[in-house]
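Undergrad: What TrEMBL shows for this protein is this:
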BINDING   30-37, 147-150, I176, 184-187  ATP binding site
ACT_SITE  H37  active site, proton donor
BINDING   Q61, Q153  (R)-pantoate binding site
BINDING   Q61  beta-alanine binding site
Amino acid sequence: MQILNTAAALHAFTEHARQTGQRVGLVPTMGALHDGHLQLVQAARAECNEVVATIFVNPTQFNNAEDFRLYPRVPEADAALLAPAGCTALFVPSVEEMYPQPTVLRFDFGELERVMEGAHRPGHFNGVATVVSKLFHMACPHRAYFGQKDWQQVAIIRQLVADLSFDLEIVTCPTIREADGLAMSSRNRRLDGPARAVAPLLHQVLAAAAAQVRQGVPPAQVRAAAEATLAREPLLTPEYVEVADAQTLQPLAAYAPGRAVVLCLAAHLGGVRLIDNVVVE
Ligand SMILES: Nc1ncnc2c1ncn2[C@@H]1O[C@H](COP(=O)(O)OP(=O)(O)OP(=O)(O)O)[C@@H](O)[C@H]1O
Ligand SMILES: CC(C)(CO)[C@@H](O)C(=O)[O-]
Ligand code: BAL
C-alpha cells in the first residue's frame, strides 16, 4: 500500500492507473477506522483494481470546534487495517495541502440540506461538498464509496455529482452495526462505559419506529413515540427524530404509496453526538 501525502502524488497515482486501464475506487474517510469503513474498502476492492482510501479530518465540515478537537485520530492503527482489507493507496494530506488558501466556495443544496444534519449543523454540508469535490478532482475515481449511515450525506453527494457532472459512480454500502445494534462510528470511541451501555437504545428506537411505519402508524405519532423513549433516558439528549421521504429527505405528514421512508435521528450521549437511520422500503 502506497502512502500519498500530496494532491500531486494522488493525481499521479490514479492517472497512471487510469492510463493503464485500471479501475480506480475511492473511499473517503476521516479515519479512526472500523468495520463500516473496511466494508467500503472491501466493496471497492471487489469492483476496482486500485482502491484509494483517504483519511482527512476535514475542518470545514465541523460546526463545533470541540467536536473537531476531540475527533479520534489514530493514523498508525488505521494504516495497519487498510492494506489487509485491499487498499492499494492511502491519501493522508495535511490541512495546508487540502486548503492552500481559505476556501470561499459556497454550495446550496436547497431543500436537501434544510433538514436534519443540514439544519442542525450549519455549514456542515458546505464543508463536505467542498472536500469531496476536491478529492474527486484530485483522484478522478471511476467509483466512490459511501456508507448508508450518513444517508443525507449520500443524497447531497449524489446531487453534487449530478450538478457538477463528475464522471463517476457513487456506490452506497449498508450500515454496519455492533452485535447490540449500535451503528459503528468513529465517535463511539469517545463513549464512556455508562454511555456505551445506553447507546443501543438509538437503534432500538429506530427499529420500533420502523415497525410502526410498516403498520401504518401516522408519521407524527411515530416521531413523538421515538422522541419520548429517547427523552426518558437521562444520559441522552435527542436533537431530532425525523420520518422523511427517503429520496427527497422532506419530513412526511403522511405516507405515499410505493415511496421508501427513512427514519433518522441525532442525539447527544455523554457529550458525544451520534446519528443513525433505518430505511423502510
Ligand atoms: N457503521 C457504518 N457502516 C457503513 N458505513 C459507515 C459506517 N460508519 C461510517 N461509514 C461510512 O464511512 C465513511 C467515512 O465516515 P467517517 O469517517 O465520518 O466515519 P464515521 O464512523 O461515520 O465517523 P463519525 O460518524 O464519528 O464521523 C462515510 O461514507 C460513512 O458513511
Ligand atoms: C465524506 C467525508 C470523508 C468528507 O470529509 C466525511 O463526511 C465522512 O467521513 O463521512
Ligand atoms: N460521517 C459524517 C462526518 C461528520 O460527522 O462530520
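Quick reminder: no glycine exception, Cβ is built from N, Cα and C everywhere.
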Undergrad: Do me a favour and check the Cα-Cα span between Q148 (ATP binding site) and Q61 ((R)-pantoate binding site); whole Å is fine.
TA: 18
Undergrad: Near L33 (ATP binding site), which residues of its chain come within a Cβ-Cβ distance under 8 Å, counting only those 6 or more away in sequence?
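TA: Sequence-distant Cβ neighbours: I55, A77, D78, L81, L82, S186.
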Undergrad: Please name which of the recorded positions listed here, H37, Q61, Q153, is nearest in space to I176 (ATP binding site), Cα against Cα.
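TA: Among H37, Q61, Q153, H37.
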Undergrad: Through the lens of DSSP with three states only, how would you label G36 (ATP binding site)?
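TA: Helix, per DSSP.
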Undergrad: From the Cα of Q61 ((R)-pantoate binding site) across to the Cα of G36 (ATP binding site), what is the distance in angstrom?
TA: 20
Undergrad: Where ligand 1 binds, which of the binding-site residues L33, G36, Q61 are close by, with Cβ under 6 Å?
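TA: Those binding-site residues that pass the cut-off, since their Cβ is under 6 Å from ligand 1, are G36.
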Undergrad: Using Cβ-Cβ distances, find the residues under 8 Å from M30 (ATP binding site) that belong to the same chain and are at least 6 apart in sequence, listing them in sequence order.
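TA: Residues satisfying the criterion: I55, F56, V57, N58, Y71, S186.
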Undergrad: Which state, by DSSP, holds S186 (ATP binding site): helix, strand or coil?
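TA: SS state of S186 (ATP binding site) = helix.
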Undergrad: Which of these recorded positions (L33, H37, Q61) have a C-beta closer than 6 Å to some atom of ligand 3?
TA: Q61
Undergrad: Measuring Cβ to any atom of ligand 2 with a strict under-6 Å cutoff, which of the recorded positions M30, L33, H37, I176 qualify?
TA: M30
Undergrad: How long is the line from the C-alpha of Q61 ((R)-pantoate binding site) to the C-alpha of H37 (active site, proton donor), rounded to the nearest angstrom?
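TA: Per the Cα atoms, Q61 ((R)-pantoate binding site) and H37 (active site, proton donor) stand 19 Å apart.
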Undergrad: Using Cα coordinates, what distance in whole Å links H37 (active site, proton donor) and Q153 ((R)-pantoate binding site)?
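TA: Pair distance, Cα basis, whole Å: 15 Å.
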Undergrad: What number of additional C-beta atoms lies within 10 angstroms of the C-beta atom of I176 (ATP binding site)?
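TA: Step by step: centre on the Cβ of I176 (ATP binding site), count other Cβ atoms within 10 Å, giving 18.
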